[in-house]
Amino acid sequence: MKIPKKYKIILYGLLGLFSLYFLLPFVWVILAALKTEAEVFSFPPKIFPDVPQWKNFVDAWNSQPFGTYLKNSVIVTVMTTLGQLISCSLVAYGFARYDFKYKNILFVILLATMMIPWDVTMIPLYMEFNMLGWINTLKPLVVPAFFGSAYYIFLLRQFLMSVPKDLENAARIDGANEFQIFFKIFLPIMKAPLILIAVLNILSVWNDYLGPLIYLQDQSKYTLALGLAAFKGIHDLQILPIMSITLVMIIPPVVIFLFAQKYIVEGISGSIK
Amino acid sequence: MLSKSRKANGYQLVNKKVPYLFILPWIIGFLVFTLGPLIFSLIMSFFDWPITSSPTFVGIENYKTMFTNDPQFYKSLEITLKFAAVFVPLNLVIALILALLITQPLKGIKMFRTIFYLPAVVSGVAISIIWGWIFNSEYGILNYILSLIGIEGPQWLVDPKWAILTIVIASAWGVGTMMLIFYTDIKGIPQELYEAAAIDGAGLFRQFFSITIPCITPTILFNVITSVIAALQQLALVLLLTGGGPLKSTYFYGLYVYNNAFKHHELGYASANAWLMFIVILILTMVIFKSSSTWVFYENEVKRKGKKKK
């Protein structure tokens, strides 16, 4: 279908307008991070810095234990991703490739858990982790991931349902046991959906603010998101370091997204069918 | 279906426990991190449960207090429902427009798809900082731009009239996920439908309302429900951008529950608050679902093959 030229101009105009809304705020933050104190507070605002102040990043990074925050964020992100990949693939496989008693009701329960507002379980969970002595550690953020997450299980299960059944039957006849079939045959073909849930998990954990806010108390335990929010809360007017750390914080998700875009675009759609 | 094919192959699962071993991680997680806490919070909601001393059973007192003796409850509920009433339709319409735009066969369209999705991968902390800086009434770029066209911008985050709008604008920034869901759905609509309609003389608008919209009603339903749930639970952005102020004009229900629990340490009362929202969400979802039979069409009604064109 060819689009007439008249429409093309309107369409590009609209695309451009929306791009301003989605892109300019990023640009404005980058520009702010590179300005001097005088430039950033000047009025009328100065669009470009005279000399880009790259040292802003170094100063900001050293002003707080951001290195520690980064380390904590990386630990939580890597560990939860590992946990989700292991547990969700096992559980999804169980739901997709076997028939067993109570399967349907269990699966409906799994789907229903996605509707529970998080503040309903927030208080007992806090008490539970408190009883275990886990408050002010990274454990409450990490351990639940090893028990799977309904949405990711659902995504993987949808994928596994589409794989022909002959696959495991042939292997069974060859004498493979159930776990061998899972590891040797199914895990390799689950690459695309596993990358999808790894990316989704990395994004959500790296960006999470409420979890760390509730469970972490000492600065030495903060994640980057919590550390940045706390820093902003205290030093509201130190725009330069706030903007530079904000940039540092959004670079990893943006880079990961750019690389994994294909998996997200293709994967998200399959989920609701 | 699975069992049938298994019998057809003459295969019997030797050990009946195997499937349960696979789903065991989720079952444990469900009991420990979901069902247990869910039941416990329901029990707590019938107790006066201060953090410092032992809990006492008070029956439905917490629920009674909420409705008869706590003006903030109504205010927070009202703010949150108002927010949802603006946020949900606005997000749906923006997501749909964006999805329609990026399904057009234009040069460079993939780049726009990337741009539109980009904010959806950014942390709420970053979003609040970015928009806080833009909305800043002294140094913010927004009011400067407005001043160039002769408008004196409001004190966005300081004026109770405007603060809630800033939250709407900042949260609409993450509309990308919903856009992508619409996008793949619209791409799956067979091109023949449009071609046939065009031959019958249907214009673009007619095609949109008679083909596109009916084909994507299941997706609209999905997006309505997920965004209603998300809007009613909005907390992170509120905490970060306005902290509930100014003058509690953005004291959302999520923040109200959070503060009752972790600031005022009224664990029983906060549990009752949370359960009430849970019930509201359940009822709303059910109403939306019930209504959906009148406006949602499923695939077997409109034959679709998910044929992709480019």
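Using the three backbone atoms N, Cα and C, a Cβ is placed for every residue, glycine included.
TrEMBL has this to say about the protein:
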- A:70-260: domain 'ABC transmembrane type-1' (DOMAIN)
- A:9-34: transmembrane segment (TRANSMEM)
- A:74-93: transmembrane segment (TRANSMEM)
- A:105-126: transmembrane segment (TRANSMEM)
- A:141-160: transmembrane segment (TRANSMEM)
- A:181-206: transmembrane segment (TRANSMEM)
- A:239-260: transmembrane segment (TRANSMEM)
Contact set, same chain, for the transmembrane segment (A:74-93): CB under 8 Å, 6 or more residues outside the stretch: 138, 141-143, 145-149, 152-157, 159-160, 182, 186-187, 190, 194, 197-198, 201-202, 205-206, 223
Range from A:9-34, A:141-160, A:181-206, A:239-260 with most C-beta pairs under 8 A to the transmembrane segment (A:105-126): A:141-160
Cβ contacts under 8 Å made by the transmembrane segment (A:239-260) with residues that lie 6+ beyond its boundaries: 26, 29-30, 32-33, 35, 37, 40-41, 53, 56-57, 59-61, 63, 66, 195-196, 199, 202-203, 206-207, 224-225, 228, 231-232
